[in-house]
Amino acid sequence: MRHVVPQRVADGRDTSVAGLAARAAAADTADPLAHLRDQFDLDEELVYLDGNSLGALPTSVPSRLREVVEQEWGRGLIRSWRDAGWWDAPERVGDRIAPLVGAAPGQIVVGDSTSINVFRLTVAGLRAAVGRDPRRTELLVDGTTFPTDGYLAESAARLTGATLVPCHPSELVDRLDDRTGLVLLNHVDYRTGELWDLPALTAAARGAGALTLWDLSHSAGALPVGLDRAEVDLAVGCGYKYLNGGPGAPAFCYASSDLQDRLDQPLAGWCSHADPFGMEPEYRAAKGATRLRTGTPEILSLLSLDAALDVWADVDLAEVRRKSLALTDFFVSCLDALAPPGSFRLLTPREDGRRGSQVALECDDARAVMATLERQGVIGDHRPPNVCRFGFAPLYTRFVDALTAADALSTCLRARVGIGRA
Ligand SMILES: *Cc1c(COP(=O)(O)O)cnc(C)c1O
């Protein structure tokens, strides 16, 4: 028999495991997105809460990749650059991502890693800002950012002579002034799962005369982004997290159509040339988002991402957001009900408007806790020193998964505080 758990949630609902299980089952039955899980190749028994780090495998991918390798590469050989549409795939796949991030066509190209694209667009953004107003030499960077963004921002600042100003998103509005050239921000904090107000911060930066570069690694495919509507200048996003493109799938770059033709990007290779096959000795930048390409596209992983995007046909992003919030909210309610008081500290904001699609918490020995959960078939991840992260990819995560994970985690935390091992 399971230990009797104190019922601490004051909303009158049954917060026993059985009560929570009934709620999970009802939510899964009512979930309008539930059928999408069938489009992923997931073990029935596994609770996979790491789609914010590596998205699950869509069932459309293996057969498409086999065709790309055996037919397009094997038989078509070099003709496939033309006949199979390989050459234009960076723009074509970019146009398929566009509706997921609220962008009109022609503003996104896919290729290279998120890291490379952060560098590319940071340098291009700084050059555009200084080109417009030579006083605008400061680069404001979210000081809590995923380290790669910080490292690359620093390198971009060294290269361009810009001054790096670390700035928490919550203090951005006060830090903007007439020296600010570019602001590099994360839409969702990779560690805490906090969602920043992209429209408001973009408007503040724009109002102060600065350009914006948003990293959408933890929002593209998890919630509506609305790049055009917010008048974002530049953005990068990851192909292998919520877009499920596969390990190391290429990332994407967004440049608003008003800015594109003023961009001078640092990795100006032949694929970003106005006439790549003219083999001209002088560089002339292509028009449009194509100018953000560099070299030969990584066709296999790019077309894996292309196939993975099939799952989004007919998916309503407002529904995705509703489910994501309901899942993360339910997971937190389960922890509130089941885990010993004081055994964890929630890092993710409880308010819906401030939460992405993951829940992060701090507890003692987080690394060992997550290893224990993994042995029980519950996969999340650990970030040093003591953060446990649980990502809720709305297309394939079930409410029952949230309960199973919260129950396993609570059992683990209870054992650690030395109670409840009845
Ligand atoms: C996941 C992630 C990256 C990943 O960069 P790679 O170049 O793919 O290794 C970069 N930035 C942020 C904010 C991320 O969350």
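Numbers here mean position along the shown chain, with the first residue as 1.
Glycine is no exception: its Cβ is also placed from the backbone N, Cα and C atoms.
Automatic prediction, not curation, is the source of TrEMBL annotations.
For the pyridoxal 5'-phosphate site, TrEMBL records Thr114, Ser115, Phe146, Pro147, Thr148, Asp149, Asp215, His218, Tyr240, Trp270, and the single candidate of Thr163, Thr180, Thr296 listed with them is Thr296. When secondary structure is read from DSSP and collapsed to three states, Asp215 (pyridoxal 5'-phosphate binding site) falls in the strand class. Of all the binding-site residues listed here (Thr148, Thr296), the one with the fewest other CB atoms within 10 A of its own CB is Thr296.
Cβ neighbours of Asp215 (pyridoxal 5'-phosphate binding site) (same chain, under 8 Å, six or more residues apart in sequence): Thr114, Val118, Thr145, Phe146, Asp149, Leu184, Leu185, Asn186, His187, Ala235, Val236, Gly237.
When every Cα pair among Thr114, Ser115, Phe146, Pro147, Thr148, Asp149, Asp215, His218, Tyr240, Trp270, Thr296 is compared, the largest distance found for this pyridoxal 5'-phosphate site is 31 Å. Local packing around the recorded positions Thr114, Phe146, Tyr240, Lys241 was summarised as the count of other Cβ atoms within 10 Å of each Cβ; on this measure the leading residue is Lys241. For ligand 1, the binding-site residues lying close by, meaning a CB under 6 A from one of its atoms, are Thr114; the full candidate list was Thr114, Tyr240, Thr296.
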